[in-house]
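Engineer: According to TrEMBL, the protein has these features:
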DOMAIN    71-226  domain 'Glycosyltransferase RgtA/B/C/D-like'
TRANSMEM  74-107  transmembrane segment
TRANSMEM  141-158  transmembrane segment
TRANSMEM  170-203  transmembrane segment
TRANSMEM  209-231  transmembrane segment
TRANSMEM  315-334  transmembrane segment
TRANSMEM  341-357  transmembrane segment
TRANSMEM  363-384  transmembrane segment
TRANSMEM  396-414  transmembrane segment
Amino acid sequence: MTKFTSRIILISILVLAIFLRLFRIDQVPARLTHDEMSLGYNTYSILKTGKDEWGRLLPLDFEAFGDHKLPAYIYFSVPFIALFGLTPIATKMVSFISGILVILLLYKLTKLLLGKEKLALITSLCMAISPWAIHISRMALESHLALAFFMSGLYFFIKGWKENKRKIIYLSSIFFGLTFYAYIAYRLIIVLLAFSFGIYLIIKERKYIKTWIIWGLGITIVVFPLITLLFTNSGTARLKQVSLFSNPGIVMTVDEKRSLCYLVEPNVLPKICSLFFHKPGEFFKQFAGNYFSLLSPEFLFLSGDKNLYLANPGYGEFILIFLPFYIVGLYVLMKLKGKEALLLKICFFIAPIPSALVESPQIVRASLVLPLIVFCIGLGLYQFIQWLQSYKYKRLLYLIFITLIIFFNMQYFLDYFYIYPAQYDNAAYPFDQRVANYIKKNEDQAEKIFIDKDFPDSYILLAFYNKFDPAWLQQNIVRNNIDSYGFSHPKILGKMEFVDAPYAMVKSYLCQYPNQNYIFISKPYLDILNTETYYNFVHVHPQVSIFNTKQLRENLQKTGALAGFCGADSTL
């Protein structure tokens, strides 16, 4: 293959990747998550005031909902929000660009490791059409930026080792250090990677120890501004909120088994059971289950992520036809020799750990697994193509194989781009921009707007779509105290108050304040009192009910039912 031909193929792959990541991006996924809206609005706040939504000047820790978002994605998004405004597409641009960079980096890494142009093109094509890669490129995800940083670091690190150029190795420390600013899971990955490779050097190649130490110091220098945050609540809050360590179910499982042992035989059996049923053992069992589930064919090629906003149900994270190539490629990967290949293997075994530390496999926390699985699929495909070269009917087999790949991919993309957003339009968030538009249109005529707490952090959706002035929000938001999980949610923002069961308040406000107007945004109630009800895409399932006391009062007066409706509650 000539260099010119290779470049044309690579450019074609990138064009395909761009198309698959931008086509209907305003509709697929159907809605933003509240985390995406938080990233977008905090970027907007930084752009307009230099402060986050909490009023903190150029922070390295964005408290947001109490989940303490890292700064890289927000600061890298500032130019796009400045150019295109506070929109969903502008908020996703950093993730989209990261997705394209990941394809290029995988191409460069594959070529660097194995020196095979065809293999590098195959892996980049697999990444371009991977459902996992496409979906996370269409969402505003901090982990995707972290993946681009990590792969950049890995590329320069391996290039430095292969060419014996220490300056390039030291350059990689900058990118590895930047992952600490992007996504918390990569902090653990970098530490484990540095530790594992350090042990290898001590055992096998001690002459490189000095280089390894300087490389580690380089990462430390890049990370230094974060040092004070790494070991405080802001640095560990997310781990406490979602990890197995804070899962009460583990304690409950152990306690239940020990209690049953006592009930069966109260003298000797409890002592024996305490040796076999304990928190470390239960933790390890769940961790191991999560770890191997993430790498299993069932998760990767059949079921996929359980979170509907992260996956299209009924499909795996990769097209099923690639399953045998994953298995073959995994075998080939384990057979590769050399310290560069060892580094890749270390990454493969470390990558699932952050996701395994949570309750179930999740593609965001496991983002580093993505290029490694794609690399294995690419290796398997390359071996298959090499085998076909010696087969008599290779052209026929090529035709059948390519037809099957096109068919399975077209089936998935048809479902993903058209059926998935219609069927699961509320997977990311319970309601959409229609509620924000309603409030914007009616808030001037309302005394107060009550919003159901069942809608998680709905203030951020209203702030995002109605583009609340960040300076105004910083001054007018009143938050609840931090809860036991470290979260903090607002209770008042201007006219808006976030309450439990606002539906139950409608009658008293309608009847006791006849000259004032109140708006209630509630989880759906199919009641004659509804001013408006917003349904899902197919107009079957209600998603939110709106009660406007002025309009309700007028409707009841027209039918002569107001006095009877209010009864003893009336002040008319």
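In case you wondered, yes, glycine gets a Cβ from its N, Cα and C as well.
Quick caveat, the model's predicted, so the values are computed rather than measured.
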Engineer: Limited to the domain 'Glycosyltransferase RgtA/B/C/D-like' (71-226), I'd like the whole-number average of pLDDT.
Structural biologist: 96
Engineer: Taking 141-158, 170-203, 396-414 as candidates, which has the most Cβ pairs under 8 Å with the transmembrane segment (74-107)?
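Structural biologist: It is 141-158, which has the most Cβ pairs under 8 Å.
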Engineer: Could you check whether the transmembrane segment (170-203) and the transmembrane segment (341-357) come into contact, where contact means at least 3 Cβ pairs under 8 Å with the two residues of each pair 6 or more apart in sequence?
Structural biologist: yes
Engineer: Give residue numbers and ranges for long-range contacts of the transmembrane segment (315-334): same chain, 6 or more residues beyond its ends, CB-CB under 8 A.
Structural biologist: 126, 129-132, 297-305, 341, 344-345, 348, 363, 370, 373, 375-381, 383-384, 404-405, 408-409, 412, 415-416
